[in-house]
Amino acid sequence: MSAQILDGKAIALELRDSIQKEVEAQVANGKKPPGLAVILVGEDPASQVYVKNKKIACEKAGFNDVSMVLPAETSQAELLAKIDELNTRDDVHGIIVQLPVPDHIDPEEIIERIDPKKDVDGFHPYNMGRLATRLPELAPCTPHGVMTMLAKTGIPLRGLNAVVVGASNIVGVPMALELLNERATVTVCHSATKDLPQKVAEADLVVVGVGIPNMVKGDWIKDGAIVIDVGINRLDDGSLCGDVEYDVAKEKASWITPVPGGVGPMTIATLLQNTLQAAYGVKA
């Protein structure tokens, strides 16, 4: 058996097209285009690529791009002041600070300073709390993008045994909450989990986001399982791979996300969707 591919790239393009049409309709009715401020502190090469991709996506969707690059030596106080300014601007509907930030910056304080109604990354404790109480507003982009991809593909989640490998606030924890809200039975695995291969082998659905190349071996995967690989890692030869051993896993799974072209495009599309919602109170 060879798995069917969960084509995040195609689903994301469909979603972005709907977002663009909604923006055109709102602007035609006299509304301002959605404004997204992406703040990059320093010159981390990977972050520069992510910010560039977000900028291109904004422009294609008809958004007002308010991206800015601040020097690496920017102080905590200076960054907080910039966020305060953006919080008050009525042409800015979404604010994100590209992570990671330099070591002298406290990311938790920065995230909490963003107006929760403009927190389109969904990382503010207010938005995480809304998700945890089944009242989501702006949900973290990667997990919500995964949920959109599964829904658009018609994969039912109710009653499935789901294993989330990784417990970060960016992916693992909100992913578990999203799955729980769809009535899956969820196990979260992390660095202290015992017998990870056995946990994975019992899963109908596996979501992996740890940032370690090929950490989850293909032969751990249960026959017919759904595999969502959130990881994207660059190897020494320049090639990209996920956190799951893809070539082996795809022979056992029923559905699997490729890397690249799986979860990544859905993350950016969901960021646009969150910004649209913050601007107009509607979803595409």
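Cβ coordinates come from backbone N, Cα and C, glycine included.
Record features, source Swiss-Prot:
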{"type": "BINDING", "residues": "Gly166, Ala167, Ser168, Ser191, Ile232", "note": "NADP(+) binding site"}
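Under 8 Å, Cβ to Cβ, and six or more positions away along its own chain, Ser168 (NADP(+) binding site) finds Gly209. Ranking the binding-site residues Gly166, Ala167, Ser191, Ile232 by how many other Cβ atoms lie within 10 angstroms of each Cβ puts Ser191 at the bottom.
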